[in-house]
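Feature list (source: Swiss-Prot):
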- His83, His182: heme b b562 binding site (BINDING)
- His97, His196: heme b b566 binding site (BINDING)
- His201: ubiquinone binding site (BINDING)
- 33-53: transmembrane segment (TRANSMEM)
- 77-98: transmembrane segment (TRANSMEM)
- 113-133: transmembrane segment (TRANSMEM)
- 178-198: transmembrane segment (TRANSMEM)
- 226-246: transmembrane segment (TRANSMEM)
- 288-308: transmembrane segment (TRANSMEM)
- 320-340: transmembrane segment (TRANSMEM)
- 347-367: transmembrane segment (TRANSMEM)
Amino acid sequence: MTNMRKSHPLIKMVNHSFIDLPTPSNISAWWNFGSLLGVCLMLQIITGLFLAMHYTADTLTAFSSXTHICRDVNYGWLIRYAHANGASVFFIFLYLHIGRGIYYGSYQFKETWNIGVILLLMVMGTAFMGYVLPWGQMSFWGATVITNLLSAIPYMGPTLVEWIWGGFSVDKATLTRFFAFHFILPFIITAMVMIHLLFLHETGSNNPSGLNSDSDKIPFHPYYSIKDILGLMFMLLLLLTLVLFSPDLLGDPDNYTPANPLNTPPHIKPEWYFLFAYAILRSIPNKLGGVLALALSILILMLFPIMHVSKQRSMSFRPFSQCLLWTLVANLIILTWIGGQPVEHPFIIIGQLASISYFCIILILMPTSSFMENKMLKW
(Lines of atoms letter the chains of each structure in order from A and count residues from 1; the text may use other names and numbers.)
(Lines give C-alpha, C1' and ligand atoms only; values in the text may rest on other atoms or scores of the structure.)
Protein backbone atom coordinates (compact mmCIF):
# COMPACT_ATOMS: atom_id res chain seq x y z
CA MET A 1 0.00 0.00 0.00
CA THR A 2 1.30 3.50 -0.90
CA ASN A 3 2.22 5.78 1.98
CA MET A 4 -0.70 8.14 2.71
CA ARG A 5 1.51 11.23 2.54
CA LYS A 6 2.39 10.27 -1.04
CA SER A 7 -1.13 9.37 -2.20
CA HIS A 8 -3.63 11.62 -0.36
CA PRO A 9 -4.39 14.63 -2.63
CA LEU A 10 -3.96 17.25 0.14
CA ILE A 11 -1.19 15.65 2.21
CA LYS A 12 0.68 14.92 -1.05
CA MET A 13 0.96 18.68 -1.71
CA VAL A 14 2.38 19.29 1.78
CA ASN A 15 4.74 16.34 1.28
CA HIS A 16 6.11 17.72 -1.99
CA SER A 17 6.58 21.19 -0.45
CA PHE A 18 7.96 20.47 3.02
CA ILE A 19 8.95 16.81 3.43
CA ASP A 20 10.25 15.09 0.28
CA LEU A 21 11.23 18.36 -1.40
CA PRO A 22 14.62 17.87 -3.13
CA THR A 23 16.88 20.59 -1.67
CA PRO A 24 20.50 21.51 -2.50
CA SER A 25 22.85 19.92 0.04
CA ASN A 26 24.93 23.08 0.53
CA ILE A 27 22.41 25.85 1.34
CA SER A 28 23.49 27.96 4.31
CA ALA A 29 21.62 29.65 7.16
CA TRP A 30 20.78 32.49 4.73
CA TRP A 31 18.11 30.15 3.34
CA ASN A 32 16.34 30.02 6.73
CA PHE A 33 14.58 33.35 6.33
CA GLY A 34 11.85 32.10 3.97
CA SER A 35 10.44 29.72 6.58
CA LEU A 36 10.97 32.32 9.35
CA LEU A 37 8.93 34.84 7.33
CA GLY A 38 6.16 32.23 7.05
CA VAL A 39 6.18 31.79 10.84
CA CYS A 40 6.19 35.60 11.30
CA LEU A 41 3.18 35.92 9.00
CA MET A 42 1.25 33.25 10.92
CA LEU A 43 2.17 34.89 14.23
CA GLN A 44 1.01 38.30 12.96
CA ILE A 45 -2.31 36.86 11.73
CA ILE A 46 -2.97 35.06 15.05
CA THR A 47 -2.03 38.02 17.31
CA GLY A 48 -3.86 40.40 14.96
CA LEU A 49 -7.01 38.29 15.11
CA PHE A 50 -7.03 38.42 18.92
CA LEU A 51 -6.38 42.18 18.86
CA ALA A 52 -9.27 42.68 16.41
CA MET A 53 -11.61 40.98 18.91
CA HIS A 54 -11.06 43.86 21.36
CA TYR A 55 -10.30 46.79 19.03
CA THR A 56 -12.86 49.37 17.87
CA ALA A 57 -12.22 51.19 14.57
CA ASP A 58 -13.72 54.50 15.65
CA THR A 59 -11.89 57.81 16.12
CA LEU A 60 -13.46 58.35 19.55
CA THR A 61 -12.66 54.92 21.01
CA ALA A 62 -9.70 53.51 18.98
CA PHE A 63 -7.01 54.90 21.31
CA SER A 64 -8.83 53.86 24.49
CA SER A 65 -9.60 50.38 23.07
CA UNK A 66 -5.87 49.81 22.59
CA THR A 67 -5.27 51.01 26.18
CA HIS A 68 -8.06 48.67 27.33
CA ILE A 69 -6.31 45.76 25.55
CA CYS A 70 -3.09 46.47 27.47
CA ARG A 71 -4.74 47.04 30.86
CA ASP A 72 -7.83 44.83 31.06
CA VAL A 73 -7.55 41.94 28.58
CA ASN A 74 -5.78 38.80 29.87
CA TYR A 75 -2.26 38.94 28.41
CA GLY A 76 -3.49 41.76 26.14
CA TRP A 77 -0.19 43.62 26.63
CA LEU A 78 1.65 40.50 25.42
CA ILE A 79 -0.55 40.14 22.33
CA ARG A 80 -0.27 43.83 21.43
CA TYR A 81 3.49 44.05 21.85
CA ALA A 82 4.06 40.69 20.14
CA HIS A 83 2.08 42.09 17.18
CA ALA A 84 3.92 45.45 17.12
CA ASN A 85 7.41 43.99 17.57
CA GLY A 86 6.51 41.00 15.39
CA ALA A 87 6.19 43.51 12.54
CA SER A 88 9.73 44.77 13.24
CA VAL A 89 11.15 41.23 13.27
CA PHE A 90 9.16 40.51 10.08
CA PHE A 91 10.83 43.45 8.29
CA ILE A 92 14.31 42.56 9.58
CA PHE A 93 13.90 39.09 8.06
CA LEU A 94 12.32 40.49 4.88
CA TYR A 95 15.32 42.74 4.25
CA LEU A 96 17.77 39.90 5.03
CA HIS A 97 15.82 37.60 2.69
CA ILE A 98 15.99 40.19 -0.13
CA GLY A 99 19.69 40.81 0.57
CA ARG A 100 20.35 37.07 0.31
CA GLY A 101 18.48 37.02 -3.02
CA ILE A 102 20.65 39.84 -4.37
CA TYR A 103 23.95 38.37 -3.08
CA TYR A 104 23.39 34.87 -4.43
CA GLY A 105 21.62 35.88 -7.66
CA SER A 106 18.29 34.30 -6.69
CA TYR A 107 16.56 37.11 -8.64
CA GLN A 108 17.24 35.06 -11.77
CA PHE A 109 14.12 33.09 -10.85
CA LYS A 110 12.17 35.98 -12.42
CA GLU A 111 8.61 34.96 -11.48
CA THR A 112 9.53 34.09 -7.89
CA TRP A 113 11.48 37.37 -7.54
CA ASN A 114 8.76 39.62 -9.00
CA ILE A 115 6.06 38.03 -6.85
CA GLY A 116 8.44 38.59 -3.91
CA VAL A 117 8.68 42.32 -4.74
CA ILE A 118 4.87 42.54 -4.96
CA LEU A 119 4.74 40.76 -1.58
CA LEU A 120 7.14 43.36 -0.14
CA LEU A 121 4.90 46.19 -1.36
CA MET A 122 1.81 44.49 0.10
CA VAL A 123 3.50 43.91 3.47
CA MET A 124 4.65 47.56 3.53
CA GLY A 125 1.10 48.73 2.80
CA THR A 126 -0.32 46.47 5.50
CA ALA A 127 2.23 47.66 8.07
CA PHE A 128 1.52 51.31 7.23
CA MET A 129 -2.23 50.85 7.70
CA GLY A 130 -1.65 48.94 10.93
CA TYR A 131 0.40 51.84 12.31
CA VAL A 132 -2.61 54.14 11.82
CA LEU A 133 -4.99 51.97 13.88
CA PRO A 134 -3.94 52.87 17.49
CA TRP A 135 -4.93 56.48 16.59
CA GLY A 136 -2.05 58.14 18.43
CA GLN A 137 -0.40 61.37 17.28
CA MET A 138 2.12 59.63 15.00
CA SER A 139 -0.63 57.34 13.62
CA PHE A 140 -2.77 60.32 12.60
CA TRP A 141 0.00 62.56 11.25
CA GLY A 142 1.80 59.65 9.56
CA ALA A 143 -1.44 58.77 7.75
CA THR A 144 -1.99 62.43 6.81
CA VAL A 145 1.54 62.93 5.42
CA ILE A 146 1.83 59.63 3.52
CA THR A 147 -1.67 59.69 1.97
CA ASN A 148 -1.10 63.35 1.02
CA LEU A 149 1.82 62.25 -1.18
CA LEU A 150 -0.70 60.96 -3.71
CA SER A 151 -1.82 64.57 -4.30
CA ALA A 152 1.45 64.95 -6.27
CA ILE A 153 -0.05 62.77 -9.04
CA PRO A 154 -0.89 65.19 -11.89
CA TYR A 155 -4.54 66.01 -12.64
CA MET A 156 -6.22 63.33 -10.48
CA GLY A 157 -4.06 63.60 -7.31
CA PRO A 158 -6.21 65.79 -5.00
CA THR A 159 -9.41 63.89 -5.92
CA LEU A 160 -7.65 60.57 -5.30
CA VAL A 161 -6.49 61.67 -1.83
CA GLU A 162 -10.03 62.72 -0.81
CA TRP A 163 -11.35 59.44 -2.18
CA ILE A 164 -8.87 57.47 -0.03
CA TRP A 165 -9.67 59.62 3.03
CA GLY A 166 -13.43 59.30 2.52
CA GLY A 167 -13.72 63.02 3.33
CA PHE A 168 -11.68 66.21 3.46
CA SER A 169 -9.18 64.98 6.07
CA VAL A 170 -8.02 61.79 7.79
CA ASP A 171 -11.05 60.93 9.95
CA LYS A 172 -13.45 58.15 10.99
CA ALA A 173 -13.99 56.93 7.40
CA THR A 174 -10.22 56.65 6.88
CA LEU A 175 -9.70 54.71 10.11
CA THR A 176 -12.56 52.29 9.34
CA ARG A 177 -11.34 51.49 5.83
CA PHE A 178 -7.72 51.16 6.98
CA PHE A 179 -8.85 48.63 9.60
CA ALA A 180 -10.80 46.68 6.95
CA PHE A 181 -7.78 46.60 4.61
CA HIS A 182 -5.35 45.84 7.42
CA PHE A 183 -7.51 42.84 8.35
CA ILE A 184 -7.94 41.40 4.86
CA LEU A 185 -4.48 42.01 3.32
CA PRO A 186 -2.54 39.41 5.40
CA PHE A 187 -4.82 36.69 4.03
CA ILE A 188 -4.19 37.90 0.46
CA ILE A 189 -0.46 37.96 1.34
CA THR A 190 -0.74 34.32 2.50
CA ALA A 191 -2.24 33.37 -0.89
CA MET A 192 0.58 35.26 -2.64
CA VAL A 193 3.16 33.42 -0.50
CA MET A 194 1.72 30.13 -1.80
CA ILE A 195 2.15 31.38 -5.40
CA HIS A 196 5.70 32.53 -4.48
CA LEU A 197 6.46 28.97 -3.28
CA LEU A 198 4.73 27.41 -6.29
CA PHE A 199 7.06 29.26 -8.66
CA LEU A 200 10.10 28.52 -6.47
CA HIS A 201 9.36 24.78 -6.52
CA GLU A 202 9.08 24.87 -10.33
CA THR A 203 12.81 25.69 -10.52
CA GLY A 204 14.11 24.38 -7.18
CA SER A 205 16.18 26.40 -4.71
CA ASN A 206 19.31 28.32 -5.60
CA ASN A 207 22.47 27.62 -3.57
CA PRO A 208 25.54 29.62 -2.40
CA SER A 209 27.71 28.55 -5.35
CA GLY A 210 25.09 29.69 -7.88
CA LEU A 211 25.72 26.47 -9.83
CA ASN A 212 23.20 23.82 -10.87
CA SER A 213 22.68 21.41 -7.94
CA ASP A 214 20.41 18.82 -9.59
CA SER A 215 23.08 16.15 -9.11
CA ASP A 216 23.31 16.75 -5.34
CA LYS A 217 19.91 17.04 -3.69
CA ILE A 218 18.76 15.86 -0.24
CA PRO A 219 15.22 15.67 1.22
CA PHE A 220 14.02 18.78 3.05
CA HIS A 221 12.91 16.73 6.07
CA PRO A 222 14.70 15.96 8.41
CA TYR A 223 17.80 17.96 7.36
CA TYR A 224 16.40 21.42 6.75
CA SER A 225 13.32 21.12 8.96
CA ILE A 226 15.73 20.74 11.92
CA LYS A 227 17.89 23.59 10.62
CA ASP A 228 14.81 25.82 10.31
CA ILE A 229 13.76 25.02 13.89
CA LEU A 230 17.15 26.31 15.08
CA GLY A 231 16.48 29.57 13.21
CA LEU A 232 13.00 29.67 14.72
CA MET A 233 14.47 29.43 18.24
CA PHE A 234 16.74 32.43 17.53
CA MET A 235 13.76 34.35 16.15
CA LEU A 236 11.62 33.64 19.23
CA LEU A 237 14.53 34.64 21.47
CA LEU A 238 14.85 37.98 19.63
CA LEU A 239 11.09 38.63 19.63
CA LEU A 240 10.54 37.66 23.27
CA THR A 241 13.54 39.75 24.37
CA LEU A 242 11.99 42.75 22.63
CA VAL A 243 8.45 42.11 23.90
CA LEU A 244 9.33 41.28 27.51
CA PHE A 245 12.24 43.65 28.18
CA SER A 246 11.81 46.73 25.99
CA PRO A 247 8.51 46.59 24.06
CA ASP A 248 8.62 50.32 23.21
CA LEU A 249 12.25 50.36 22.02
CA LEU A 250 11.29 50.60 18.34
CA GLY A 251 8.07 52.60 18.79
CA ASP A 252 7.51 56.35 18.93
CA PRO A 253 6.64 58.02 22.27
CA ASP A 254 4.31 60.43 20.38
CA ASN A 255 2.00 57.50 19.69
CA TYR A 256 1.07 57.36 23.40
CA THR A 257 -0.63 60.76 22.93
CA PRO A 258 -4.16 60.49 21.45
CA ALA A 259 -4.47 61.85 17.89
CA ASN A 260 -5.05 65.61 17.79
CA PRO A 261 -5.62 67.26 14.38
CA LEU A 262 -4.90 70.70 15.92
CA ASN A 263 -1.42 69.83 17.22
CA THR A 264 1.37 68.73 14.85
CA PRO A 265 4.24 66.70 16.41
CA PRO A 266 7.69 68.33 15.92
CA HIS A 267 9.08 65.42 13.85
CA ILE A 268 6.69 63.29 11.82
CA LYS A 269 8.34 59.99 10.95
CA PRO A 270 7.20 56.43 10.14
CA GLU A 271 8.27 53.22 11.86
CA TRP A 272 12.02 52.45 11.63
CA TYR A 273 11.62 49.94 8.77
CA PHE A 274 10.35 52.67 6.40
CA LEU A 275 12.92 55.32 7.34
CA PHE A 276 15.30 54.56 4.43
CA ALA A 277 12.51 55.16 1.89
CA TYR A 278 11.29 58.21 3.87
CA ALA A 279 14.83 59.68 3.75
CA ILE A 280 14.89 59.26 -0.06
CA LEU A 281 11.44 60.92 -0.28
CA ARG A 282 12.55 63.90 1.83
CA SER A 283 15.88 64.39 0.08
CA ILE A 284 14.22 65.62 -3.14
CA PRO A 285 12.87 69.19 -2.87
CA ASN A 286 10.15 68.59 -5.50
CA LYS A 287 6.99 66.80 -4.28
CA LEU A 288 6.33 64.68 -7.38
CA GLY A 289 10.06 63.92 -7.72
CA GLY A 290 10.15 62.74 -4.10
CA VAL A 291 7.13 60.47 -4.61
CA LEU A 292 8.69 58.98 -7.76
CA ALA A 293 12.02 58.41 -5.97
CA LEU A 294 10.14 56.76 -3.08
CA ALA A 295 8.34 54.39 -5.47
CA LEU A 296 11.52 53.67 -7.45
CA SER A 297 13.54 52.92 -4.29
CA ILE A 298 11.43 49.74 -3.94
CA LEU A 299 10.47 49.05 -7.57
CA ILE A 300 14.17 49.16 -8.57
CA LEU A 301 14.33 45.60 -7.18
CA MET A 302 12.36 44.48 -10.25
CA LEU A 303 15.25 45.64 -12.47
CA PHE A 304 17.80 43.26 -10.92
CA PRO A 305 17.08 40.32 -13.31
CA ILE A 306 17.46 42.68 -16.33
CA MET A 307 20.67 44.32 -15.07
CA HIS A 308 22.52 41.07 -14.37
CA VAL A 309 25.47 41.13 -16.78
CA SER A 310 27.89 38.85 -14.92
CA LYS A 311 28.66 35.39 -16.33
CA GLN A 312 28.40 34.06 -12.77
CA ARG A 313 25.13 33.89 -10.93
CA SER A 314 26.25 34.27 -7.32
CA MET A 315 28.50 36.96 -5.80
CA SER A 316 30.40 34.25 -3.87
CA PHE A 317 33.36 34.49 -6.26
CA ARG A 318 33.03 38.18 -7.24
CA PRO A 319 34.92 40.39 -4.75
CA PHE A 320 34.16 43.75 -6.46
CA SER A 321 30.43 43.09 -6.47
CA GLN A 322 30.62 41.91 -2.85
CA CYS A 323 32.24 45.21 -1.82
CA LEU A 324 29.52 47.15 -3.65
CA LEU A 325 26.73 45.16 -2.02
CA TRP A 326 28.11 45.81 1.46
CA THR A 327 28.52 49.48 0.53
CA LEU A 328 24.83 49.44 -0.42
CA VAL A 329 23.97 47.91 2.98
CA ALA A 330 25.99 50.65 4.75
CA ASN A 331 24.25 53.25 2.58
CA LEU A 332 20.82 51.90 3.58
CA ILE A 333 21.80 52.08 7.27
CA ILE A 334 22.82 55.74 6.76
CA LEU A 335 19.48 56.44 5.01
CA THR A 336 17.60 54.79 7.90
CA TRP A 337 19.46 57.02 10.37
CA ILE A 338 18.81 60.18 8.29
CA GLY A 339 15.10 59.33 7.96
CA GLY A 340 14.75 59.62 11.74
CA GLN A 341 16.57 62.97 11.97
CA PRO A 342 15.04 66.48 11.70
CA VAL A 343 15.19 68.29 8.34
CA GLU A 344 18.19 70.55 9.02
CA HIS A 345 21.89 70.90 8.17
CA PRO A 346 23.91 68.60 7.89
CA PHE A 347 21.23 65.87 7.69
CA ILE A 348 19.71 67.27 4.48
CA ILE A 349 22.93 67.04 2.45
CA ILE A 350 23.86 63.63 3.94
CA GLY A 351 20.40 62.34 2.95
CA GLN A 352 20.75 63.71 -0.58
CA LEU A 353 24.20 62.17 -1.05
CA ALA A 354 23.04 58.81 0.37
CA SER A 355 19.97 58.85 -1.93
CA ILE A 356 22.12 59.53 -5.01
CA SER A 357 24.57 56.80 -3.89
CA TYR A 358 21.69 54.30 -3.47
CA PHE A 359 20.58 54.65 -7.10
CA CYS A 360 24.15 54.97 -8.46
CA ILE A 361 25.33 51.76 -6.76
CA ILE A 362 22.40 49.73 -8.10
CA LEU A 363 22.01 51.24 -11.59
CA ILE A 364 25.62 52.09 -12.53
CA LEU A 365 28.31 50.62 -10.27
CA MET A 366 26.97 47.06 -9.85
CA PRO A 367 26.55 46.34 -13.60
CA THR A 368 29.94 48.02 -14.27
CA SER A 369 31.74 45.88 -11.67
CA SER A 370 30.10 42.73 -13.10
CA PHE A 371 31.31 43.71 -16.58
CA MET A 372 34.86 44.32 -15.25
CA GLU A 373 34.90 40.96 -13.45
CA ASN A 374 33.90 39.25 -16.71
CA LYS A 375 36.78 41.01 -18.52
CA MET A 376 39.30 40.07 -15.80
CA LEU A 377 38.29 36.43 -16.15
CA LYS A 378 38.52 36.80 -19.99
CA TRP A 379 34.86 35.79 -20.39
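We count from 1, first residue shown onward.
Placement of Cβ uses the backbone N, Cα and C atoms for every residue, glycine included.
Keep in mind it's a predicted model, so treat the numbers as computed, not measured.
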Original post:
Counting other Cβ atoms within 10 Å of each Cβ, which of the binding-site residues His83, His97, His182, His196, His201 scores lowest?
Top reply: His201
**OP:** Considering only the recorded stretches 33-53, 77-98, 178-198, 226-246, 347-367, state which has the highest number of Cβ pairs under 8 Å to the transmembrane segment (113-133).
**Re:** 178-198
Original post:
So are the transmembrane segment (226-246) and the transmembrane segment (77-98) touching or not, going by 3+ C-beta pairs under 8 A with a sequence gap of 6 or more?
Top reply: yes
Original post:
Given the binding-site residues His83, His97, His182, which one's Cα is the least distant from that of His201 (ubiquinone binding site)?
Top reply: His97
**OP:** Could you tell me what the rest of the chain brings near the transmembrane segment (320-340), counting residues at least six beyond its ends with Cβ under 8 Å?
**Re:** 99, 102-103, 269-270, 272, 274-280, 282-283, 310, 347, 350-351, 354-355, 357-358, 361-362, 365-366, 369-370, 372-373
**OP:** Using a Cβ-Cβ cut-off of under 8 Å, list the residues of the same chain that are 6+ residues beyond the ends of the transmembrane segment (178-198) and lie near it.
**Re:** 17, 38, 41, 44-45, 48, 52, 55, 57, 112, 115-116, 118-119, 122-123, 125-126, 129-130, 132-133, 143
**OP:** Please indicate, using numbers and ranges, the residues of the same chain that are 6 or more beyond the transmembrane segment (33-53) and have a C-beta under 8 Å from a C-beta there.
**Re:** 69, 79-80, 82-83, 86-87, 89-90, 93-94, 96-97, 100, 130, 182-183, 186-187, 189-190, 193, 228, 231-232, 235
Original post:
Going along the chain, which residues at least six beyond the ends of the transmembrane segment (347-367) come within the CB cut-off of under 8 Å?
Top reply: 279-280, 282-284, 293, 296-297, 300, 303, 307, 309, 321, 324-325, 327-328, 331-332, 334-335, 338-339, 341
Original post:
How big is the gap, in Å, between the Cα of His196 (heme b b566 binding site) and that of His83 (heme b b562 binding site), rounded to a whole number?
Top reply: 24
**OP:** Write down the Cα-Cα distance for His97 (heme b b566 binding site) and His182 (heme b b562 binding site), rounded and given in Å.
**Re:** 23
Subject >> Integer Å distance between the CA atoms belonging to His97 (heme b b566 binding site) and His83 (heme b b562 binding site) >> reply: 20
